[in-house]
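Per Swiss-Prot, the features are as follows:
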DOMAIN    5-70  domain 'J'
ZN_FING   139-217  zinc finger
BINDING   Cys152, Cys155, Cys205, Cys208  Zn(2+) 1 binding site
REPEAT    152-159  repeat 'CXXCXGXG motif'
BINDING   Cys169, Cys172, Cys191, Cys194  Zn(2+) 2 binding site
REPEAT    169-176  repeat 'CXXCXGXG motif'
REPEAT    191-198  repeat 'CXXCXGXG motif'
REPEAT    205-212  repeat 'CXXCXGXG motif'
Amino acid sequence: MSKSDYYELLGVSKNATSEEIKKAYRKMALKYHPDTNPGNKEAEEKFKELSEAYDVLIDQDKRAAYDKYGHNAFDGAAGRGGFDFNSGFSGDFSDIFNDLFGGGFGSRGGRGSSRRSEGAAGSDLRFDVEITLEDSFNGKKVPISYVTYVKCSSCSGSGSEGSAKSVQCNTCHGAGSVRTQQGFFTIERTCHVCNGEGEIIQNKCKKCSGSGRVRDEVNLLVTIPKGIESGNKIRLNGKGEAGYRGARSGDLYVYSNIQKHKFFTRSGPDLYCTVPIKMTLAALGGHIEMPSIDGTWTKVKVPEGSQSGDKLRLKEKGMPVINSSKRGDMYIQITVETPVKLTKKQKELLQKFDDEPNVDCNPQSTGFFQKVKSFWKDIRSN
C-alpha cells in the first residue's frame, strides 16, 4: 500500500520551516495520540504515520533525502541512489514528546521506567467569594465551604489497612508504566494493574479503597485583606484536593469579586463619584458635604465658576493600598444641573440675568461663537 506524503500528513507546505513543522505535528499528535484515543486503532495508526513524518521532516538530512527520493530514501536501497536511515523512523515516541510537550504523554511527566511512579499530587481548586466595597476597605473574615478529596483519617493517607505493606507490581516491575513495541514504534502507557504506582497494596484500607483519600466537606475561615480588588486571588497552601496515597495536596485559590457600589466606582486604590450641584452653587461657589468610604463626612469646597466635568480631589480618602498603610484618593466629578419646571418669575429673573452685558460671564460659549464667526468669515473671504 502506498504511503501518504509526509508534508500532506502534517498539513504543511514543502517550504515549511522547522518551527511550522513542529507546530503542525504538535497539533495533530495531540489529536491522535493513543492516550487520548484509548482502543481506537485508526487513531493509533494515524499517530504512527504522523510521528514517522515528523521524525523525517524535522531532521535536515532525512528531509533532504526525502525531498530528493521520496519514500524510497528509507527502503535501504542505497545502491539505487537511496538513503538508508535504518527503516526511516529510528526514534522513540517518548523522545519526540519530551522535546515537544515536556513529558506530558507516555512518560507520565518524566516518571518513566527509570524509577517507580510516585502518587499523583492533588489538584488545585478555585473558590469565588463575593464581597462589598466596604468589606474590601475594612478587610473581612469570610467562611467558605466546599467538597473535595481529603486525607483518609483511617489510614492517614497511606491507603494500607493497619501495618500492611506494599509489594512491587509484577506487571511493570516497579516502573509504573509498560512499553509495547509496534513495528518501528515504542509506545509507553501507564500500567493498568498498579495505575502507575509501581507497587500494589496487599491489604487496602476499607474506608478509602487504597487511594489514601476520601471525599468530604471542608470548612475554612478565609481572611480577606484590606484593599483587595476584584479578580485578586488568595492562595491557601495545601487546602486543595488531597494527593493520592499521601502525595502532595493541591492548593486552594480564593478569588474575590466585589459587588457594584451604589455611589462609588473604583480604579486601583482610587475612588470616583459623580455629584450633581445646582447652577447657582456652580456659579457662586460654596461647599458640599461628601460621604467617604470609611463612613465619615467631609466638607468639600466648590470653586466659583465650576463647570460640568470638573474634578475635585480628596487626598487619601480612597481605598487602602493592599499590604500597605497608604490610601488612594477620592475624586468628585461635578455635574452642573440645569433647573427645570421654572416659575414665571424665575424665568424672568434668568432672562434679566442673561440680558446683562458681560462678555466674561460665559467664556466658553462666547469663545465658541467667536470661533464660529471667524470660521464663516474665512470661508466668505475665500
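For all residues, glycine too, the Cβ spot is worked out from N, Cα and C.
Neighbours of the Zn(2+) 1 site: apart from Cys152, Cys155, Cys205, Cys208, residues of the same chain with C-beta atoms within 8 angstroms of the site's C-beta centroid are Ser153, Ser154, Ser156, Gly157, Ser158, Gly159, Ser160, Glu161, Lys204, Lys206, Lys207, Ser209, Gly210, Ser211, Gly212, Arg213, Val214. Reported as a whole number, the C-alpha separation between Cys191 (Zn(2+) 2 binding site) and Cys152 (Zn(2+) 1 binding site) equals 24 Å. Taking the Cα atom of each, Cys172 (Zn(2+) 2 binding site) and Cys205 (Zn(2+) 1 binding site) are about 23 angstrom apart. When the alpha carbons of Cys155 (Zn(2+) 1 binding site) and Cys194 (Zn(2+) 2 binding site) are compared, the span between them is 19 angstrom. Sequence-distant contacts of Cys152 (Zn(2+) 1 binding site), defined by Cβ-Cβ distance under 8 angstroms and a gap of at least six in the same chain, are Gly159, Cys205, Lys207, Cys208, Ser211, Gly212, Arg213, Val214. When Cβ atoms from all protein chains are considered, those within 10 Å of Cys208 (Zn(2+) 1 binding site) total 25, not counting its own. Highlighted in sequence order, Asn170, Thr171, His173, Gly174, Ala175, Gly176, Ser177, Val178, His192, Val193, Asn195, Gly196, Glu197, Gly198, Glu199, Ile200 have their Cβ within 8 Å of the centre of the Cβ atoms of Cys169, Cys172, Cys191, Cys194, the residues recorded for Zn(2+) 2, and are not part of that set. In sequence order, Cys169, Thr171, Cys172, Gly176, Ile200 make up the list of same-chain residues 6 or more apart from Cys194 (Zn(2+) 2 binding site) whose Cβ falls under 8 Å from its Cβ.
Taking H, G and I as helix, E and B as strand and the rest as coil, DSSP gives the repeat 'CXXCXGXG motif' (152-159) the counts 0 helix, 0 strand, 8 coil. Mapped onto DSSP classes, the zinc finger (139-217) shows 0 helix, 37 strand, 42 coil.
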